[in-house]
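Colleague: Submitted below is the structure of interest, expressed as structure tokens.
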Amino acid sequence: MDERADGDSNDHTGEADHTDGGPIDEREALARIAATLPDAGDDAAVVGSTVITTDMLHDRTDFPAGTTRYTAGWRAVGASLSDVAAMGADATAAVAVYADVEFDPAALSAFVDGAADVCASVDARYVGGDLDRHSEFTTATTAIGETDDPVRRSGATSGEAVCVTGTLGRSAAAVELFDAAREADTADGSVRGADEEVASDRLDRANELFRFPPRVGAGRALAGHATAMMDSSDGLARSVHQLAEASDVGFALDRAAVPIDPAVDDVAGTAADRWRLATRFGEDFELVCTIPEAALERAVDRCPVDLTRIGSVVPADQGVTVGGDPLPDRGYTHGDVDEDA
């Protein structure tokens with residue numbers, strides 16, 4: 001069972017009381033089925049040496065108006081490839097379901113091109129899928145990988161370093177640019193305004209940022225060193241809480257060490273916005289991992305992208321903190337109806 005929450009463009013928080021039998025969110029749903037699926041809880045399922053993961057994305061929640069079908073194909077399949085990366089596995093193949101109100105040949109071809117290109121970027125193959133009609137554009141993707149020694153979320157121990165690949169906030173900046181590029185048009189989401197050239201440039205930049213690089217190469221390089229690992233699709237804050245829970249540890253993070261993508265500075269109005277977009281918005285698909293101190297230098301040298309130490313693993317009773325203050329468990333959860341900007 002894949003516990004990854006594919007985030008939408010909002011930062012959902014809050015915990016509702018579901019003791020009355022009302023609707024539950026994804027995290028509670030997973031907790032309730034844990035007895036049936038005792039191996040659930042990592043980014044991908046493991047069957048022998050094969051890792052397999054699946055994701056579903058919808059037009060309304062996952063693709064802001066202005067997202068091209070090429071970007072959608074890249075991003076949807078890339079999300080599943082990211083789960084393979086988080087297990088430290090080699091990505092081998094991916095498939096996708098493409099469902100829409102109607103089949104526009106240009107849109108379908110662009111989606112397939114994006115899916116194939118993101119697979120090629122990590123030396124995997126896009127090998128097909130299925131077509132269906134639906135009330136809104138929806139895609140379900142599955143990625144497969146291979147490893148003899150998967151990295152779980154549950155191996156962190158006190159005294160290790162906690163690290164993250166790349167930079168955070170890239171997808172958040174993309175969504176802000178999508179919003180800035182258009183005036184809301186509930187009929188068709190079209191771009192309007194006096195300066196269409198500026199809007200077009202913003203959409204181009206937003207699509208570029210939205211096509212994140214799945215960290216399959218980094219995952220493979222870190223697999224021999226990392227004791228616990230997952231991707232940051234739910235945001236850094238939620239990811240470290242999930243790792244802490246799985247490993248029964250705490251984390252002490254250094255706020256100044258968290259690597260924030262330069263694109264965030266172009267869209268964040270305040271320092272608080274900058275931190276929120278980088279750590280709670282999610283959808284960055286970077287790798288968050290723990291590494292023993294003795295292996296840290298080798299891991300940094302071997303990782304094909306920047307690997308930044310952002311803190312240390314501490315005993316569980318110290319909780320999850322940043323700069324000595326508690327770090328709230330904030331991020332995206334499917335089915336959570338409370339929203340905190």
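Every residue gets a Cβ built from N, Cα and C, even glycine.
According to TrEMBL, the protein has these features:
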BINDING   ASP43, ASP83, ASP231  Mg(2+) 3 binding site
BINDING   ASP43, THR53, ASP83  Mg(2+) 4 binding site
BINDING   THR54, ASP55, ASP130  Mg(2+) 1 binding site
BINDING   ASP55, ASP83  Mg(2+) 2 binding site
BINDING   ASP62, GLU283, TYR332  substrate binding site
BINDING   GLY129, ASP130, ARG153, SER233  ATP binding site
BINDING   ASP234  Mg(2+) 5 binding site
COMPBIAS  327-341  compositional bias 'Basic and acidic residues'
DOMAIN    41-146  domain 'PurM-like N-terminal'
DOMAIN    159-318  domain 'PurM-like C-terminal'
REGION    1-24  region 'Disordered'
REGION    320-341  region 'Disordered'
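Set these features in their place in the structure for me.
Modeller: In the three-state DSSP scheme, THR53 (Mg(2+) 4 binding site) falls into the strand class.
According to DSSP, GLU283 (substrate binding site) is assigned to coil rather than to any helix or strand.
Mapped onto three states, the DSSP output places SER233 (ATP binding site) in coil.
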Colleague: Between the Cα atoms of ASP62 (substrate binding site) and ASP55 (Mg(2+) 1 binding site), what distance do you get, rounded to the nearest Å?
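Modeller: Taking the Cα atoms only, ASP62 (substrate binding site) lies 12 Å from ASP55 (Mg(2+) 1 binding site).
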Colleague: So if I draw a 10 Å sphere around the Cβ of THR53 (Mg(2+) 4 binding site), how many other Cβ atoms end up inside it?
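Modeller: Other Cβ atoms within 10 Å of THR53 (Mg(2+) 4 binding site): 27.
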Colleague: Helix, strand or coil: which one is GLY129 (ATP binding site) in, per DSSP?
Modeller: strand
Colleague: Here are the binding-site residues: THR54, SER233. Which has the lowest count of other Cβ atoms within 10 Å?
Modeller: THR54
Colleague: Between ASP55 (Mg(2+) 1 binding site) and ASP234 (Mg(2+) 5 binding site), how many Å separate their Cα atoms?
Modeller: 13
